[in-house]
Structure formats: structure tokens, C-alpha cells
């Protein structure tokens, strides 16, 4: 139904934002020799802090910043560090290995998310889901094959192993971060997640920036073009962080990571125009393969192994703050349909 199309379309919006992040980073490092992965993330965390942490700070009662910190500050601190280092490792990997490897190994986030969802969120998948996942990853492989055939091999070869390990480490951390994010936005709230990431992200990436990148920042030849690139990067990153929990809540962390496989293709199509890469029909084939896999995956809902009331005991006593009307009837095909029962305690919100 339209739910299926909606979830695929929402994922593609995220992919386009990631494409923007990739392109601005590429321009910064190639044209301006500004290798500042920590500073770039720092800008994003500061924006999250200004928007979401301040929102939490002015709230009253259980949803207040201090109340949340009192309850779970150490969990959010760990999550913040995991998130920072995930970003850092993957961006760092570009210095050692080829674009192709980074994109292929980035898929490792999918098995990580599936395993963590299975054990911690008690999600159970059906055969269709696994078929969809395999099709998506085949599409990804097809794209990497096209990359090799076209011969767009950039990056030094001898450090490839370091680069590949960095990507795998980053992908594992992203997986952990995404599953925690799914848990938090389903059971607590989106603003709580973003506010806490903003708070701890700014703090720890600020420290990392001071230690690791202060010299790099001094080398940046500041002018309005570079300024615009940093602004563009921060805007895309902030959009991605703000919007991703919405999509995760509507679908799931696994579905989102599958949709993000198309991001590399958008970057590629931009590359055809901006960096004059050579074109291959395999790119189109891989794009459609990934979309077919996504549609297959999204066509059936997953289910939760145990009674979803287990989740009740973890929620904020005052009940979750819900940004979107989460009535069960609206989204029949959405994953976790069994969690729809939770809405019985809340007044039903009808959306015309």
C-alpha cells in the first residue's frame, strides 16, 4: 500500500542527505585539503545541542534535561561516544582505502543491526525479510563491481587493510547506535535521543577536536567557499540526525539501513556530473536491485518475540513524549505492528 511506498521514499530522503554529506566532505578534502572529520561532526553536535538539548532544558517534570540525566546519564554518555567514533572511523577510512571498499564494507552495519535487533529488541524476521536483505546486498555488490570495471579506484592501496578495518569498526558502532536509537525513539522520545546526543556529542567531540585536530583547523584556508561547504555539510548532517529517528520510528533500524544503500548511488550520479566519472549501465541495474530488495523487505511486517508489555517497565513513568501520532491503525504494514497495543492507554489520534 502507500505505507510501503512512503517508507521507501522516506529512506531515499535520508540517502540524499547522506549524498550531500559525502559530496561536501569530498570537496573539502580534495579541493581545499581540509581533512577535518572531527570538526565537521562537532558542528553537527553543536547544532543538535542548540536545538534539542535546550528544548529538553526548558521542559518541565520527567522530561526535563536534569531529570533524564539523573536517570540515565551514563547510558547516554556511552551512546554519545559510540556515535562520535562511528562517524570518525568511517570518515577516517577514506584516507586509507578506496571509495568502493568503504561503501561495500559499510553494508556490515546491516548484519550488526539485525543481530542486535534480534537479541535486544526481540525482533523476529520472516523468510521474505532475509530474501530482501540478500537482494539489497547483491545490488550493492553489483555497484562495487561496476566501480571496479569503470576503474574508479581512488586511494592508496598499501594501507587498504587499515582502511577496511576502520570501516568495519565504524559500521559496528553505527549498528549499536542505530539499535539504541530505535529503542529510544520507540519507547522514550525522539527529542530525548537528539538532546542527549547533542549534549554528550558536543562535549566529547569538542575534547577530541582540541586534542586531534587543532593543527588541521589552523591549516584550513578560510574563505566564503569553504564556509559554504561547512554550512552545507552541517545542514545535511543536522537534517539526517533530526529526520532519521522519525523514519526509524515509522519503519525500523534495519529498514533504514537498507534504504541507505542507495546513498552511494546518488553520490555516484552526482560524481558523473561533478567529477566526470564514467557511466556504467550496471549502476542502474544495482539501483533497481536495491530498490526491489527494499520493497521485498518492507512488504511484510516483522514481529516481536515476546509480549510487547515487557517494554512498559523501561518507559518514562509519565509516558512517552510522542512527536508523531503513533496510532496502530495508521500504519498496518509497519514493522513491530504488535507494539500498536501500547496506544490503548493514550487517546487515539485520528489523522485525516
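One-based numbering along the chain as shown.
Each residue, glycine too, has its Cβ placed from N, Cα and C.
Worth saying up front: this structure is predicted, and the values here are computed from it rather than measured.
Pulled from TrEMBL:
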- 6-29: transmembrane segment (TRANSMEM)
- 41-61: transmembrane segment (TRANSMEM)
- 73-91: transmembrane segment (TRANSMEM)
- 103-121: transmembrane segment (TRANSMEM)
- 127-150: transmembrane segment (TRANSMEM)
- 193-212: transmembrane segment (TRANSMEM)
- 224-243: transmembrane segment (TRANSMEM)
- 255-277: transmembrane segment (TRANSMEM)
- 283-305: transmembrane segment (TRANSMEM)
Remote residues contacting the transmembrane segment (6-29) - C-beta distance under 8 A, at least 6 residues beyond either end: 35-37, 40, 91, 94, 226, 229-230, 232-233, 235-237, 239-240, 243-244, 246-247, 250-251, 255-256, 258-260, 262-263, 266-267, 270, 274, 291, 294-295, 298, 333-334
Region pair the transmembrane segment (103-121) / the transmembrane segment (255-277), three or more CB pairs under 8 Å: yes
Most Cβ pairs under 8 Å with the transmembrane segment (224-243), selected from 41-61, 127-150, 193-212, 283-305: 41-61
Within-chain partners of the transmembrane segment (193-212) [C-beta distance under 8 Å, separation at least 6 from its ends]: 38-39, 41-42, 44-53, 55-56, 65, 68, 76-77, 79-81, 83-84, 88, 181, 184-185, 241-242, 245
Contact ranking winner - 41-61, 127-150, 255-277, 283-305 against the transmembrane segment (73-91), Cβ under 8 Å: 41-61
